[in-house]
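Here the structure is laid out as structure tokens; the discussion comes afterwards.
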2 protein chains.
Amino acid sequence: MAKGASISGFPEWLPSERVVEQRVIDTLRNVFELNGFIGIETRAVEQGSSLLKKGETSKEIYLLSRLQEVGHESDTPIEDRLGLHFDLTVPLSRYVVEHSGDLAFPFKRWQIQKVWRGERPQEGRFREFVQADIDVIGNGDLPDHYEVELPLVMVSALERLREFGLPKATVHANNRKLSEGFYRGLGLTDIEGVLREIDKLDKIGADEVAKLLVEGCGADEAQARACLELAELTAADGKELSDKFDALCAKHDIASDSDAYVLARQGLDTLAMIVDEAARIRPGSVIADLKIARGLDYYTGSVYETFLDGAAALGSICSGGRYDNLASQGNKKYPGVGLSIGLSRLVSYMLHTAGAHANRVSPASVLVAVWNEADRSASNLIANQLRSRGIAADVAPTAAKLGKQIKYADKLGIPYVWFPADASEEGAQDEVKNIITGDQRPADAQSWEPDTVYAQQTVTVEA
Amino acid sequence: MAKGASISGFPEWLPSERVVEQRVIDTLRNVFELNGFIGIETRAVEQGSSLLKKGETSKEIYLLSRLQEVGHESDTPIEDRLGLHFDLTVPLSRYVVEHSGDLAFPFKRWQIQKVWRGERPQEGRFREFVQADIDVIGNGDLPDHYEVELPLVMVSALERLREFGLPKATVHANNRKLSEGFYRGLGLTDIEGVLREIDKLDKIGADEVAKLLVEGCGADEAQARACLELAELTAADGKELSDKFDALCAKHDIASDSDAYVLARQGLDTLAMIVDEAARIRPGSVIADLKIARGLDYYTGSVYETFLDGAAALGSICSGGRYDNLASQGNKKYPGVGLSIGLSRLVSYMLHTAGAHANRVSPASVLVAVWNEADRSASNLIANQLRSRGIAADVAPTAAKLGKQIKYADKLGIPYVWFPADASEEGAQDEVKNIITGDQRPADAQSWEPDTVYAQQTVTVEA
């Protein structure tokens, strides 16, 4: 095959980097399962009609065509073609409706899978990446308490990832109803439009957003500035949130008995519950931050973004919210709440910024040396004895000079090299050498154990 | 979202079925890593030029197009378009060439990932499925001993899968050089053609194959029958193989000093080594079976297929071979040998034929009951205490009647329900009930442990 070439936006890890990604995945799975989430995997493709329905990413879909169909793709309407999923929420909604009879509700699920976005290559963004999601889906209704529990599960998961170099994470929460009520109270009607522009605040700044609100969302200058004031509001507890919000409503003449205020208050009460309950369980892990808007338009209540201390440039690394209308079947609704970690970006940060790295490339603790090819069976036997006791072992690729065999172990980071006894020598014993410490001693494949510190492939962070 | 619909060829497991698949994946990963294989993951897409180069599946590729490109797909030649990989060998070859400077050779890698084949939907075959592969790739050369070690790693992996209901597996090995030498000795020249037709033997029978050999591969009736005689040859050890083969050569006047015989003998020696060495380590696990041809044309030496006792209809569940020319860069060659398990079909067999099933849907061992919503924090605290000690716990979704909460646990298969103490009652203690045995006793979330048999989500096989 000709020399391969990397494809922009499709990251691939080297073996030692993959160790870090795999540990991150294992850790997340462990936390999700400890919390009673059920693992599923959905097919990589969905019908175009499903993919096109919701969300701003609908323009970044990869559609599929069979080789035989090339040139005739247009014969099939896009809605009937297959496309790669761009997130794990749309597939979950479809899965829940399709299998509702076989699921127990509320259905708590975790899912770690690749997703694809057909972005323009030149942007340097990932077009293939791994997401790690948790969601809970109700049948008909879904209690509010999941809106605080799910971000807290993610916080505990991200806390566990600090051993791989991740800084402390803080969830910033808002509620769509709070924003909508306030905007309506100001007299605005293009709620989705306002949310979409507010979502750009961190990227383009307040003045640009104000301009967009005036130009595209029917706001006058005062209304635009009021929206921005709301977006500046943050609070660490429900009382502070409530006081600041009411002061803002008073300033902008939003009457506390208006429909708009009532809607906003509904959102505010949920948000206050979330920050207060989170503070009880994990102080400082969740704050109210009213600029959080989430571009995707399927959210209907709580919305979350998560930021890492000292890594603002990364943006939100774990986002989500409550969506009451994504899945339905006839009269039946399946409201949900969930969050998604952008895992590939996180691993990239760990590797390239935090200095996380595997202690060795190979999972093997031991390389069994081979004195000559005729004796390879003896070395294989030793390796199999070690493996049967759970000790990962490799066998030297060739009966090269011993120095070359040790160099192979060293290159793979394998800490021990095993020297089989010379079969021609009476009473000769196997020996094992730790090539890191130089320590060498007699050993029996039926009972020897590696020192704990050298037993496992691990990930450490540079000091 | 509208009601979802399953898409033919894209299987999806229910949560309890996914438990089985996940355990199978975990088990394979464990075996592969015990044997010193390094885990990698490659991107799902390759350049069309890579995908089209080799292999009979080249006509079953899914090509991608961005939504914005719809209608203009033909502007880009297929070679420059992206397509989903149809196996894990072609991506490995590309990965090795691309990253050769960062890898230690021989490079032993495992890889478990989805692959896609753009087959016609009506065939009822999987178009998306999981493959589990091991390969070893050399830099320049690759010792023969891997041609026996790799099938044996797969045999030990398949042996471990017997706990999920898999019957005993036997690897059937052949060697392309042996077949080619014999065919050339007969006077045939369209070697790839003959191999392709012989590969159909199990499906269409000897008479049909003979007809195809005559009609399409330039064979006369006698040559065709000789090819079929070779295909009938099986042997459990090298001596038997050698004797039978030489008898066949004598019968068909293939001189033992001809170039053709020398080539065949080269393949025979490797094959004899494989069955003899395998017999020493795992008697009965590998046999020589000269009808094994493997349609894919990138194999150059050993080829393997694996069959399960009493499950002939499944066909080969683990196939592969040696390929010396798949990856190269300038003058440098990267010969490889590897095998691939068709994991999705295997899991399907375990679930639907062998009766493998999870003991419970939820990973949680415990459901903590909630007496009323105001006390939910107390239940969350108990669950978190259990989780911090590695015990997976869920909390009741609502403070419904106790019977309803127990029913929820039962539906998810959660064996224990935890009753928090009544906070208003002095000295009251938590209690935990095993809802399978009915046993109920006082418990402390800081120290309680589930009985071993109920502690973990496991997979069992129906008697």
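Glycine is no exception: its Cβ is also placed from the backbone N, Cα and C atoms.
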B:ASP87, B:LEU88, B:THR89, B:GLN131, B:ASP135, B:ARG294, B:TYR298, B:TYR299 show up in TrEMBL as binding L-histidine; which entry in B:ARG66, B:ARG117, B:ARG280, B:ARG282 does that record put in the same site?
B:ARG117
Restricting to the domain 'Aminoacyl-transfer RNA synthetases class-II family profile' (B:20-363), report the mean pLDDT as a whole number.
93
Pairwise C-alpha maximum, in angstrom, for the residues (B:ASP87, B:LEU88, B:THR89, B:ARG117, B:GLN131, B:ASP135, B:ARG294, B:TYR298, B:TYR299) that bind L-histidine according to the record:
21
Which entry in the list of binding-site residues, B:THR89, B:GLN131, has its Cβ near the fewest other Cβ atoms, using 10 Å as the limit?
B:GLN131
For B:ARG294 (L-histidine binding site), what is the tally of other C-beta atoms lying within 10 angstroms of its C-beta?
22
Counting other Cβ atoms within 10 Å, pick out the least crowded of the binding-site residues B:ASP87, B:TYR299.
B:ASP87
